[in-house]
Structure formats: structure tokens, C-alpha cells
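Student: Here it is, the structure, as C-alpha cells.
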Amino acid sequence: MTDITMELVKKKKGKALKKNIKNSMGEYIIEKFIFILGITSIAIIALIFLFLFRSGIQLFNDITLQEFLFGRYWFPISVNPQYGILPLVAGTLMVTLGAVFISVPLGIGSAIFIAEVAPPKTKTVLKVIIEFLSAIPSVVLGFLGIVFLSSWIRVTFHLSSGFTVLTGSILVSFMALPTIISISDDALNALPQEYHEASFALGATKWETILHVLVPAASSGIIAAVMLGVGRAIGETMTVMMVTGNAAQIPNSFLVSGRTMTATIAAEMGDTVRNGTHYHALFAVGIVLFLMTSIINFIADFALSHGKKEAR
Amino acid sequence: MNKKIEEGVVFSILSFITMIVVIPTLLIIGYILLKGIGTINWEFLTAMPRQGMRAGGIYPAIIGTLYLVIGTILFALPLGVGSGIYLTEYAKQGMLSRIIRLAILNLAGVPSVVYGLFGLGLFVLFLGFGSSILAGSLTLACLILPIVITASEEALKSVPISYREASLALGASKWQTIQNVVLPHAMPGILTGAILGIGRAAGETAPILLTVAAFFLPRLPKSLFDQVMALPYHLYIISTQVPNMPEEIKYGTALVLLGIVGLFYMIATSIRIKFKISNRA
Amino acid sequence: MKKISIKDLNLYYRDFQALKDISLNIDAKKVTALIGPSGCGKSTFLRSLNRMNDLIDGVRVEGRVELENHDIYHKDVDVVTLRSRIGMVFQKPNPFPKSIYENVAYGPKRHGIKNRKQLDEIVEKSLKKAALWDEVQDRLNKSALGLSGGQQQRLCIARALAMEPEVLLMDEPTSALDPIATAKIEELITELKKEYTIVIVTHSMQQAARISDETAFFLMGELVEMDQTQRVFTTPRDQRTEDYVTGRFG
């Protein structure tokens with residue numbers, strides 16, 4: 001044996017099988033440190049919850065829960081301020097509903113086309129473009145919404161203003177589309193190749209296979225995709241703030257102005273007095289928003305894990 | 001034969017639907033490029049804004065976004081990668097890892113403006129950082145954390161078990177194995193996710209609106225506790241709040257913002273293509 | 001002289017008992033072959049000798065495994081040191097996606113050898129021992145993934161030898177290789193037993209007969225019999241062993 005290998009052997013033999021305190025301390029410290037990093041996400045969720053509640057709950061020193069949840073008027077800076085969240089919830093729901101009507105058929109249709117119909121090269125190009133769509137900052141879409149879409153809507157529908165719920169819905173649908181497309185596409189791609197083969201072997205056409213075999217089999221993934229798209233739409237802030245006109249009213253059609261919860265927070269926070277009623281009211285709106293998106297996310301997660309179980 | 005015709009019609013409709021998504025995307029990018037490119041020159045990129053932002057450049061907004069992006073990376077990358085390592089290498093399947101996963105999922109769905117509220121409550125006011133680069137970076141870091149964690153986890157999971165076994169069987173410790181075998185192999189995937197997250201952070205407006213962004217601040221920040229201008233917020237301001245804003249400045253700013261965000265995406269996509277990483281971040 | 005002695009070893013995957021009351025001794029500087037049908041527990045047994053089963057969630061071990069009279073499952077035992085004394089070669093060649101040189105130097109580096117000259121020497125010596133030096137000496141800095149399957153497996157052996165282990169565990173090391181590469185590895189094993197204690201799991205009875213001194217036959221988590229290889233193959237004591245080695249089942 002050479003000297004060097006002797007040295008290595010000695011190093012090991014010296015230790016026998018006993019634990020080396022220095023080494024195992026190092027490992028122990030690293031392990032604990034990584035554990036702390038591992039639970040940051042729980043900490044952050046807990047902190048978000050805590051800080052929203054800490055400020056939001058104080059609203060109810062000044063007004064009642066009923067006034068907040070069922071109040072039909074949001075007039076935070078009038079002489080006789082009112083903090084009814086209904087018009088904001090209605091605004092958010094209308095914009096989201098419109099966005100769902102547009103983005104769900106477009107999204108699922110595109111996902112089917114990309115996953116099952118398009119030739120491989122086209123598929124790659126389409127995926128890159130869809131990814132680019134998700135990269136466009138919402139403020140850029142909002143900017144183009146102001147410049148083009150709103151005037152197009154104003155002219156097309158003979159309105160006095162093009163800043164409507166519909167304008168918001170169209171833009172928001174484009175923000176939700178990448179989510180819906182990529183997750184549905186994943187769900188379709190995750191299906192085993194045998195499904196295609198089995199169906200073709202029975203003499204079904206490609207389209208029949210898609211319609212009767214693939215889409216039903218991927219349905220839980222597609223539902224999750226739609227839910228996450230809805231979550232995206234509810235949470236979208238800048239685009240809607242820039243194009244929906246922001247009138248705090250319960251919209252009675254898609255062609256009038258509306259104001260969402262997100263836009264309210266972003267637009268009004270700058271004008272509030274720290275720890276005033278208005279400030280607390282915006283945090284309370286934040287709580288409602290947080291709860292809504294959480295529920296939607298849980299549904300999406302449930303659909304996904306449910307789908308996985310069924311697939312097994 | 002009927003079936004064939006039906007299929008042809010349906011597939012044409014599907015391709016048409018896809019075009020409805022794809023063509024506007026290309027038009028948006030193309031149009032901004034076309035209208036904005038004329039504005040981009042050295043002065044626009046490196047001069048202070050003048051005449052109430054109606055002339056001059058957007059230098060402080062570019063620098064502000066740059067600072068925010070760097071700050072976000074510094075916080076989100078170690079936290080996110082560490083979290084990913086915990087989940088793939090250390091955590092046992094059980095209640096805790098289930099809760100962590102739910103937390104990550106939930107974080108990913110929290111609207112960006114709620115992150116803004118949170119940042120305002122915790123960093124700006126409670127911790128007393130004020131409206132500052134520090135508060136803004138921390139807020140954006142929380143926002144992209146789920147993206148970085150998920151990407152790290154996917155990348156770490158894709159490292160073959162056999163590499164870990166080989167290293168451990170050679171008497172390398174767990175951390176040595178992670179450090180020398182697992183992380184290098186997972187690095188392209190982790191980077192892709194991190195860059196996508198950063199692209200997202202660079203384009204966000206609502207969180208920085210509440211935690212850092214200044215309406216108009218024609219000087220550069222001197223410390224972490226200074227406010228800055230930032231590109232997305234600047235674009236919002238000049239397209240909604242400032243009357244008589246020259247068109248070309250708006251398009252120029254939009255192009256610079258789109259360019260920065262697009263650059264991150266292109267880097268991420270090329271890493272992905274080079275290392276053949278699957279398409280999901 | 002016995003190197004490893006196993007007493008009443010039981011191993012469970014959650015509720016499933018994978019090893020039942022295994023007791024046997026492994027002699028120093030001999031080749032011990034573990035044979036048996038798939039799922040008989042031979043690989044699990046091998047992996048319990050360097051505690052690789054620790055990596056799997058839900059594994060529980062009872063009984064004693066002694067390396068030179070020290071219980072390796074004792075709570076004070078450092079698995080890292082243990083694994084540097086007991087090397088392992090896996091079923092599929094698993095070189096790291098690094099250079100040939102870095103693969104061999106990986107273990108010594110993790111154990112604190114940083115001097116380039118020392119490392120050079122270890123790499124050369126290990127590759128020579130693994131009969132790979134002549135084939136790779138002029139491309140040490142090329143990726144290990146560019147080698148053929150057989151070369152990769154010899155590289156993995158060299159990588160294990162670089163740690164100067166006392167025992168070498170081999171888990172079906174030739175099952176992914178062609179006959180010529182297999183012959184080379186078998187030749188190498190015969191050479192290596194002069195210096196090392198070798199335990200090899202194999203699915204091929206001919207291989208066990210060709211290279212091993214001792215053979216242990218496992219069936220459904222139990223050790224059916226263990227003896228000198230020749231005897232196991234010619235005059236087995238147990239009917240089940242005879243059935244297996246004569247090819248009546250398995």
C-alpha cells in the first residue's frame with residue numbers, strides 16, 4: 001500500500017465506527033437550517049393571514065360585519081362613509097364570469113389542439129407563444145386595453161365610455177388563458193398512450209377518441225386548470241383597474257363600468273390614513289379576497305389529487 | 001367518410017380557437033415592438049425624466065426595477081431552493097410535508113395585491129422598513145417563492161436515485177451528496193424556475209405599488225431604505241395618471257418593460273431547451 | 001477468518017417482513033455469492049450490510065450485523081464511516097455525470113484529501129486495480145458517460161476501490177452487461193479477492209459457481225442454506241436448494 005492510501009485508511013481506522021462529533025454536528029446544523037427553510041412557506045402563509053386579520057378585524061370597531069358584508073354602497077370618502085363590499089364582490093364576480101366565458105372554451109380548445117392535434121414542431125412553437133403570453137406584465141395589457149380595446153368596445157357597442165366590465169373580462173381572460181392551457185395540456189399529456197391505441201383499435205377516429213376517451217379521462221386535471229384560471233382572474237389587479245372604469249356600483253350588465261376588490265385595494269390604499277377606518281376596510285377586503293382564492297385553490301388541489309387517485 | 005368530414009371540421013375549429021389565442025399575443029408583442037422601438041435610444045435609457053415625465057428618459061425606473069429584481073433574487077433563491085431541498089431530500093411523507101405543500105399551493109394562488117397588503121402590514125409598517133427597496137424586494141420574494149420552490153422540487157426530483165446511492169455508498173454524508181451530486185445536476189432546472197419567477201417579479205405592479213414604488217423620484221436610491229421608481233408602476237402612472245403624455249414615451253416604456261421580462265423568459269427557455277427540461281415550472 | 005457476522009437479522013418494510021432470522025458469517029478475502037429467485041431478499045440483505053436500507057422510509061431492522069465484532073446498527077455508529085469501509089457496486093452502472101477522474105476522486109475528496117498529487121495517485125491506482133487504466137488513461141478528463149456499459153461498471157468498481165474499503169458489496173454487477181464485459185468483471189473479481197472481502201448478489205448460478213468461494217441460497221426472505229460453493233451446487237443439503245440449482249424452479 002502506498003503512503004497516501006495508508007493515510008486514507010488511517011483516517012478511517014482512527015475513527016473506527018464511532019461518530020465523528022465535528023462532522024455529525026455539521027450535518028445536524030445543516031439539517032436543522034434546511035428544516036427552517038422548509039417551513040418558511042407555512043410561516044409566510046401564517047403571517048399573511050395574521051397581518052391581514054390584525055388590520056382587517058379592526059374595521060369592526062367602527063362598523064358591523066353585516067354593514068360590511070351586505071352593504072350595497074362603497075363610499076369610503078364621502079362625508080357619511082359607507083363600506084359595503086357587495087358592489088366590489090359583484091364587480092369581481094362579473095369580470096371573472098365574463099373572463100370564464102371567454103377563456104374556458106378558448107383555453108380547453110387550444111389545449112386539445114396543442115396536446116392532440118398539432119404536429120410536434122407546431123406544438124413547440126405554440127407552447128413558447130403561450131408561455132410568452134403569460135410573461136406579458138398585466139400593466140402592459142392594461143395599457144393596450146386603454147389604447148385599443150376600450151375604444152373598440154365603445155364604438156362597437158355605441159357606448160359613451162369603453163371602460164366596462166366586458167373590457168376587463170376580455171383582458172383578464174387573456175391573463176387566465178396560459179394557466180388554463182398549460183395545466184389542461186399537462187393533464188392530457190399525462191394520459192397513458194394505451195388510451196389512444198385502445199380507442200383507435202376499436203375503429204374510433206382521432207376526434208372521437210379525444211371527445212369520448214381523452215377529455216373525460218383528463219377531466220379532473222381540466223377542472224383544476226379552470227379553477228386555477230378562475231383564481232388568476234379573481235386576483236388580477238392592474239389590468240382591471242386600468243380598464244373597467246372603477247365605478248363602485250353593482251353592475252347590471254357587462255357593458256357598464258364596475259370595480260373589483262383588487263382594484264379597490266390598489267387604487268385607494270395610497271389615499272388612506274394609516275389605521276383609519278378606510279385603511280382597515282381595505283384590509284378587510286383583502287381578507288375576503290384571500291379566502292375566496294384559497295377556497296378556489298383547495299378545490300383545484302382536490303380535483304388534481306382526486307384525479308391522481310383515480311388514475312391509479 | 002362522414003366521420004372524416006366531421007373530424008376535419010372539428011380540427012379546423014380547434015385550430016381557429018388556438019389562433020384566437022396566439023394571434024393577439026403576437027400582435028401585442030409585435031405592435032409594442034413596432035411603436036416603441038423608435039423611442040429607444042441611449043438618452044431614453046439613461047436620462048432622468050423631465051417636464052413631469054413627459055420628456056427625458058426612464059433611467060430611474062429601470063434602475064429601480066433592477067434593484068428590486070436583485071433584492072428579490074437574494075431573498076427568494078436561497079429560501080426557495082432550501083425549501084425544495086427540505087421537501088425532496090429531508091422531509092418524511094407525513095402531516096408536516098402535506099401542510100407545507102398546501103401552504104405552497106395556497107401561496108401560489110394568493111393575489112398579488114394581497115401580497116402588497118401583507119408587505120405593507122409586515123415590512124413597511126410593523127418592521128418599520130418604510131416604503132423601501134427592502135420592503136418591496138421582500139414582498140416580491142414572497143410572491144415568487146412558490147414558483148422557485150416548485151421548480152427546485154421538480155428539478156431535485158429528476159436527479160436519479162442511483163446518483164444519491166452511489167455517493168452515499170462511497171461514504172459521502174447526506175449534505176456532501178446534496179452539495180456535490182444532487183445540486184449540480186438539478187441546477188439548470190432550478191435556474192429556469194428562478195428566472196421565470198424573477199421575470200414575474202419584474203413585471204408585477206400591485207405589490208410594489210403598496211410597498212416601494214414612487215410616483216416620481218428623479219434620482220437614484222442611496223440605500224436599501226429608499227423608495228424607487230419601477231418600470232411597471234411607471235407605465236401605469238404615465239398611461240393613466242398623467243395628462244398629455246406623449247404616446248412614444250408610453251410605448252417606449254412598455255417596450256423596455258416587455259423587453260426586460262421577455263429577456264428573462266428567453267434565458268429560461270433556452271436553458272430549458274439546452275438541458276431538455278420538461279415544460280412545467 | 002470471519003469479516004462480517006450476521007445474527008438473527010430481521011428486516012421489515014412497514015408490515016412486510018423481507019428478511020427472516022438470517023444468521024451467517026462472511027469470510028475475509030473470499031467471494032461470497034448470494035443466490036435465489038427474484039424477490040427472495042438477497043439484494044435487501046446485501047443492502048443491510050452497509051445500511052443502504054436506511055434510505056428507505058419505513059424500514060425497520062432487528063438483530064445484529066457485526067463488522068469485525070462491532071455492531072453496525074449500534075446507535076453510536078457513523079454510517080458515513082461505515083460506508084467508507086464497505087464499498088458498493090450497483091446493478092446498473094451509475095457513474096456520476098462528471099469526468100472519469102472526478103468519479104474516482106469523489107470519495108477521497110469527500111474524506112478530506114485535497115492534494116492534487118495524492119488524488120492523481122489514488123485515481124491511477126484505483127483504475128489500475130479495476131483493469132481500466134489502460135483504456136482510459138489518456139481521457140481522464142472526459143465524461144464518464146461516454147464509456148461503454150462494461151467500462152462504466154469497472155469505473156464504478158474503481159470508484160469504490162479508491163476509498164480503500166475492506167469489503168466490497170456487488171449487487172448483480174453484470175446483469176446489465178454483455179457476455180464479454182461480464183467475463184472481464186468476473187476476472188476482475190477473482191483478482192480483487194486477494195485484497196478484499198467480496199459479497200456478490202447474482203441471478204446467474206453459473207456466475208456464482210465460477211467466481212465464488214461460498215454461496216448462500218435465499219428463498220422468500222429466508223436463508224435456506226450456506227456452504228462452500230462447490231458443495232451447494234453438487235451436494236446441497238436442502239431439497240429446495242437442489243430444486244433451484246438444478247433449474248426446477250426460479
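Backbone N, Cα and C atoms are what each Cβ position is placed from, and that goes for glycine too.
From a predicted model like this one, the values you see are computed outputs, not experimental measurements.
Straight from TrEMBL, here's the annotation block:
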TRANSMEM  A:33-53  transmembrane segment
TRANSMEM  A:83-116  transmembrane segment
DOMAIN    A:89-300  domain 'ABC transmembrane type-1'
TRANSMEM  A:128-153  transmembrane segment
TRANSMEM  A:159-181  transmembrane segment
TRANSMEM  A:210-234  transmembrane segment
TRANSMEM  A:279-304  transmembrane segment
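Explain the structural surroundings of these features, please.
Tutor: For the transmembrane segment (A:33-53), the list of distant contacts is 283, 286-287, 290: same-chain residues at least six beyond its ends, Cβ to Cβ under 8 Å.
Sequence-distant contacts of the transmembrane segment (A:83-116), counting only residues of its own chain at least 6 positions beyond either end whose CB sits under 8 Å from a CB of the stretch, comprise 59, 63, 67-74, 76, 123, 126-127, 130, 165-166, 168-170, 172-174, 176-177, 180-182, 184-185, 188-189, 206, 210, 214-215, 222, 225-226, 229-230, 233-234, 240, 244, 248-251, 254, 258-264, 277-278, 281, 284-285, 288-289.
Cβ atoms under 8 Å from those of the transmembrane segment (A:159-181) belong to residues 91, 94-104, 106-108, 110-111, 114, 130-131, 133-134, 138, 141-142, 145, 149-153, 225-226, 228-230, 232-233, 236, 239-240, 243-246, 251, 253-258, 260 of the same chain, restricted to positions at least 6 beyond its ends.
Packing against the transmembrane segment (A:210-234) from elsewhere in the chain are residues 92, 95-96, 99-100, 103-104, 107-108, 111-112, 116, 172-173, 175-177, 179-184, 186-188, 190-191, 195-196, 198-199, 204, 262, 289, 292-293, 296-297, 299-301, 303-304, 306-307, 310: each is 6 or more residues past its ends and has a CB under 8 Å from a CB in it.
Same-chain neighbours of the transmembrane segment (A:279-304): 48-49, 52-53, 55-59, 62, 68, 76, 83, 85, 88-89, 92, 220-221, 223-224, 227-228, 230-231, 234-235, 261-262, 264-265, 268-269, 272-273, counting only residues six or more beyond its ends whose CB sits under 8 Å from a CB of the stretch.
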